[in-house]
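Colleague: Quick one: the structure is below, questions incoming.
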């Protein structure tokens, strides 16, 4: 029981230490979430929004299995976008 409490205290201390000592080029841990999506410099930079898509007659994998999708307006037929 004492060992568990000591481990919890140690983890909390190390987490706090990491946050305090984090190097931030903007002089501190400033409001990371204060800007709205419209105010961001490059909202298109998100990797989630930039998915590679395959053109017509290019190889594709069924979306349930893989991460290669056909471009909008096309569907993944038997291993090719049509």
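Cβ coordinates are placed from backbone N, Cα and C, and glycine is handled just like the others.
The disulfide bond annotation in Swiss-Prot covers 53-71, 60-76, 70-81, and the record cites similarity to another entry as its basis. Per Swiss-Prot, the feature signal peptide maps to 1-22.
Set these features in their place in the structure for me.
Modeller: Within its own chain, residue 71 (disulfide bond) has 53, 54, 55, 56, 81 as residues 6 or more apart in sequence whose C-beta sits under 8 angstroms from its own. Reduced to three states, the DSSP call for residue 71 (disulfide bond) is coil.
In sequence order, 53, 54, 60, 76, 81 constitute the residues six or more apart from residue 70 (disulfide bond) in its chain with CB-CB distances below 8 Å.
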Colleague: At a 10 A cut-off on CB-CB distances, which of the disulfide-bonded residues 53, 60, 76, 81 has the highest count?
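Modeller: Most Cβ neighbours within 10 Å: 60.
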